[in-house]
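Participant: The transmembrane segment feature in TrEMBL is assigned to 43-65, 77-97, 118-139, 172-191, 206-227, 248-265, 285-306, 313-334, 340-358.
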Amino acid sequence: MEIARELRLQTRVDDHGQNPDTNTSQPSASNRISLPKLIHYKWWLRVTIYIVFILAGQSAATLLGRLYYDKGGNSKWMATIVQSAGFPVLIPLLLFFSSPLKLTTTQPKKVKLSSLAFLYLFFGLILTGDNMMYSYGLLYLPVSTYSLLCATQLAFNALFSFFLNSQKFTPFILNSLVLLTASASLLALNSNSDENSSTKLSKRKYAIGFLTTLGASATYSLYLSLVQLSFQKIIKAETFSSVLNMQIYPSFVATCACIVGLFASGEWRGLGKEVKEYQKGTVSYVMTLVWTALTWQICSVGLLGLIFEVSSLFSDVISTLSLPVIPILAVIFFHDRMNGLKAMAMLLAIWGFLSYIYQHYLDDLKSKAEQSNSGEISGRTVEVC
């Protein structure tokens, strides 16, 4: 994390911006110590909010997506559209944060409109394919298996972050990758058990669901790493509106692409029948899709916010935190079987998650120590002067 360096930079900028007629050294020393603490607390508050968005949004969206299929929904394009179609609810937030306060006094260079348009179009198309693969996975796999397979995002993202974002590998991160890989391998051996479950999966459908979910995890991990690279190299704007733009415009592109796919595939002809035959009724059908769309947007804002504040790898780590929650809820609401292999896979995934969290905890301690040493050195310099 670069928090300590950013806080020291902000402190120096704030000190230079003081009234030149004020020559007392003690207030300046106080600002050097208190301001970084204040910014640090605000940073943790923002990170906490984003974490809540991810956990609540992802858990609810996954269960609602499975509910859509279980109660009579069958359109894979419709299930794909709702993963991106909720972006209009973010437009008021974008207008509200259109002129936010910046953490630094340096104004970033204005990005060319053509570059942004290409960026949003590229990410939107990636999201289209990724969301479609997730839809196949959710259709053909039990929720518990699906959610545990999504944990492989962390392993894929660590790999992409190493090459694209200069992410350093430590023993704890490597341990996390090994454990998550082992977790996914156990699920690959679980097809015979799931075949006999209440979902009556065939081996072919299980294989399709397994491979598409694995492919979606890899694609989304690449997407997160590329988003972080775009923030660092192209956008270079330390504002919340830049996070919202990165969510709204690619989601618009993805939604348009999904609508084209819905009509090109001919699935739109069966939507009327699907609504009428939905087991919970028309209102429930509409509300399921609406809330699925809203919860996916909440989750996406949390993911992008953590990329902006920390890194794509940390964002993916928090996403795996829902692992213990979703399979348990799936057993309760959808009567998924929690056999020995699934339980072992879940424990390995949780272990892998905790291994990475511990590494992040060590990084944070190191950052605080560097910040404290910097404050002490600054205070001593003021006293000498």
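Cβ coordinates come from backbone N, Cα and C, glycine included.
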Participant: Within the same chain, where does the transmembrane segment (118-139) have neighbours whose Cβ lies under 8 angstroms from its own Cβ atoms, ignoring anything closer than 6 residues to its ends? I mean 6 or more beyond.
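Facilitator: Sequence-distant neighbours of the transmembrane segment (118-139): 62, 65-66, 69, 76-77, 79-80, 83-84, 146, 149, 208-210, 212-213, 215-216, 219-220, 222-223, 226-227, 230, 234, 245-246, 249-254, 256-258, 261.
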Participant: I'm a bit unsure how to read this: which one of 43-65, 77-97, 285-306 has the highest number of Cβ pairs shorter than 8 Å with the transmembrane segment (248-265)?
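Facilitator: Comparing 43-65, 77-97, 285-306 against the transmembrane segment (248-265), the winner is 77-97.
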Participant: Same-chain Cβ contacts of the transmembrane segment (285-306) under 8 Å, 6 or more residues past its ends?
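Facilitator: Residues 46-47, 49-54, 56-58, 60-61, 64-65, 67-68, 71, 73, 78, 82-87, 89-90, 224, 227, 240, 243-244, 246-247, 251, 274-275, 278, 314-315, 318-319 contact the transmembrane segment (285-306) from elsewhere in the chain.
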Participant: State the residues, same chain only, that lie 6 or more residues beyond the ends of the transmembrane segment (43-65) and have a CB under 8 A from a CB inside it; answer 'none' if no residue qualifies.
Facilitator: 3, 79, 82-83, 135, 138, 143, 146-147, 288, 291-292, 295-303, 305-306, 309-310, 315, 318-319, 321-322, 325-326, 329-330, 333-334
